Amino acid sequence: TALISGFSSLPWLVKPLYGFISDSFPLLGYRRRSYLVLSGLLGALSWSLMATFVDSKYGAVVCILIGSVSVAFSDVVVDSMVVERARGESQAISGSLQSLCWGSSAFGGIVSSYFSGSLVDAYGVRFVFGITALLPMITSAVAVLVKEQHVPGPTRGQNVLLANPSFLESSRENIIQLWNAVREPNVFLPTVFIFLWQATPQSDSAVFYFTTNKLGFTPEFLGRVKLVTSVASLVGVGLYNGFLKRVPLRKIFLATTIIGTAFGMTQVLLVTGLNRQLGISDEWFAIGDSLILTVLGQ
């Protein structure tokens, strides 16, 4: 489990590289559309292999790594499109655009979460992998509709570097600008904070095995928890978009950190069984805990 989760997170650690590739090397004349199509095809390939041929843990690691690359790359490309449209706008307008993105994600989670658990129970994991392979194809199909100006590329047989002699120089300038930006305290200090936050050990895998092996949560019930989490995500997005998008971010961070820390400690009650002594079943406690923390997180 650690191997799979570790390798699946690797593509997300080099996201700036994808942005550099997308901006510097237009694919078939497009910086956004073509890479979204390619990402969808990679994702479909990885889950198709999981549904058919993969029969070892190392094969699963490779396929999940490919799938993670496809999602991470498409995530960077879409984020860049959002940034281009939000540039120069107020916090409220850019917040509404982000709310649209996160709200769409939550809606997709609502549609898929309950059925994922019940379908695993009814038809098995390979069937669900097969259905999952169809979803990235939707990304590829929708990407064709993205409006983007065509970028002329090198002629047939011509080297990219020769077609654009200033490419190396511009790349060097971009790297220098990026380094100068990272050295700014208002960029460097938040980056260090996020690094330390993400480097903190997580108990997600341990909690998963605890809830399935010790508490006996079934795939169908885990799907229901995911359903509640997706609904809570949509509620959190709605609360931010309706009431908080004009509130200074510093105040939001302070309040959600304090409240989230308090509620995050409630996992101790579930692990020790104190929730049952309080008259709350494991199932209802898990649902309530996930609901509150997800709303705060969004």
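Glycine is no exception: its Cβ is also placed from the backbone N, Cα and C atoms.
Counting only same-chain residues 6+ beyond the ends of the transmembrane segment (35-53), those with a CB under 8 A from a CB of the stretch are 21-22, 27, 59-60, 63-64, 66-67, 69-71, 73-74, 77-78, 126-127, 129-130, 132-144, 146. According to TrEMBL, the feature transmembrane segment maps to 35-53 (among others).
Here TrEMBL flags 59-78 (among others) as transmembrane segment.
Here TrEMBL flags 99-117 (among others) as transmembrane segment. Listed by sequence, the residues of this chain that lie at least six past the ends of the transmembrane segment (99-117) yet keep a Cβ under 8 A from its Cβ atoms are 78, 82, 128, 218-224, 226-227, 229-231, 233-234, 237-238, 240-241, 245, 298.
According to TrEMBL, the transmembrane segment annotation covers 123-146 (among others).
Summarising the annotation, TrEMBL assigns transmembrane segment to 221-240 (among others).
According to TrEMBL, the feature transmembrane segment maps to 252-271 (among others). Away from its own ends, the transmembrane segment (252-271) comes close to residues 203, 207, 210, 244, 278, 282, 285-286, 289, 292-293, 296-297 of its chain (Cβ-Cβ under 8 Å, at least six residues beyond either end).
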- Cβ under 8 Å to the transmembrane segment (221-240), counting only same-chain residues 6 or more beyond its ends: which ones? 95, 99, 102-103, 105-110, 113-118, 120, 211-212, 283, 286-287, 290-292, 294-298
